[in-house]
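A short write-up of the structure that comes next.
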Amino acid sequence: MEPSVFMAVIAAAAMHAGWNAVLKIRLDPFLAVVLVNAACGIIALPVALYLGLPEPHVWPWILASVLIHLVYYLTLSGAYRRADMGLVYPIARGSAPLLTTILSVTLVGEAVDAQGFLGVALLALGILTIAWRRAGFAAFDRTALRLALMCGLSITAYTLVDGLGARSASSPHLYTSWLFVMDSLLITLVGLAWKGPRALAPTLSFIGPGFAGGAMSLAAYWISIWAMTKAPIGLVAAVRESSVLFGAVIAVVVLHEPLRRERILAAALIVAGLALIKLH
């Protein structure tokens, strides 16, 4: 991976952790997701209109990604409603490469060497370390854990779809701009249908943080999709998961969540596992 691409993805990882922190503002997590994505769509729309419509063969990729992203948002906001960011974020982000590795071995038949298997083991250990608290697993919300793991599965799916979709388009920027427009449209419609217009009213008090989160979310994933057209998808995905460390820092420093030794150890194990799996 070229140094410029690597540094761009590291910056994207930091911004990704930042917009996830916005979801912990004093607003229902799903409403925060709607707000952030509406901001993404508003920012991306002028670019999409300027670049024009994607080629017909690109639309199935975009629509598939939009539906997978909806699952991602619902599971992520549901997990944040039940547990704090320092627990949910590493599980959701760390489990995605683990799931990708397992699926590639069992379904595709890819070979994983000893270093790769060690990476998988470290990832699993990191996830278990996060879930383990002083009172044991019984103290951790099992529903939040399941939602975070489902979120990780959706991350695996949309990463593959968007990497392949962007490569099939004439420009990754064309693909990404329309992805954000369609994504924001769907999540807003779902929010209106589920919560109702009046329920969305509280988001008006958080326009500033919402657009800040939207700008970070858009920039983070835009960079990642562009990078997946310049480097292997798995390599980009692995570097992007360094967001786990940024998320841990934000959870403690900004959100004032308790700093536990288990969190530090877990974040280190997850990142080490990602490096062994994808960067060997």
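Each residue, glycine too, has its Cβ placed from N, Cα and C.
If you look up TrEMBL, you'll see 6-23, 30-52, 58-75, 87-108, 114-132, 144-161, 173-194, 206-227, 233-255 marked as transmembrane segment. Annotated domain 'EamA' per TrEMBL: 7-131, 147-277, in sequence order.
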Let me know the model's mean pLDDT on the domain 'EamA' (147-277). 84
Report the listed stretch (30-52, 58-75, 206-227, 233-255) having the maximum count of Cβ pairs within less than 8 Å of the transmembrane segment (144-161). 58-75
Top Cβ-contact partner of the transmembrane segment (173-194) among 30-52, 58-75, 206-227, 233-255 (pairs under 8 Å): 30-52
Using a Cβ-Cβ cut-off of under 8 Å, list the residues of the same chain that are 6+ residues beyond the ends of the transmembrane segment (30-52) and lie near it. 19, 22-24, 73-74, 76-78, 81, 171, 173-174, 176-178, 180-181, 183-185, 187-188, 191, 194-195, 199-200, 202-203, 206-207, 210-211, 213-215, 217-218
Helix-strand-coil residue split for the domain 'EamA' (7-131), DSSP-based: 108 helix, 0 strand, 17 coil
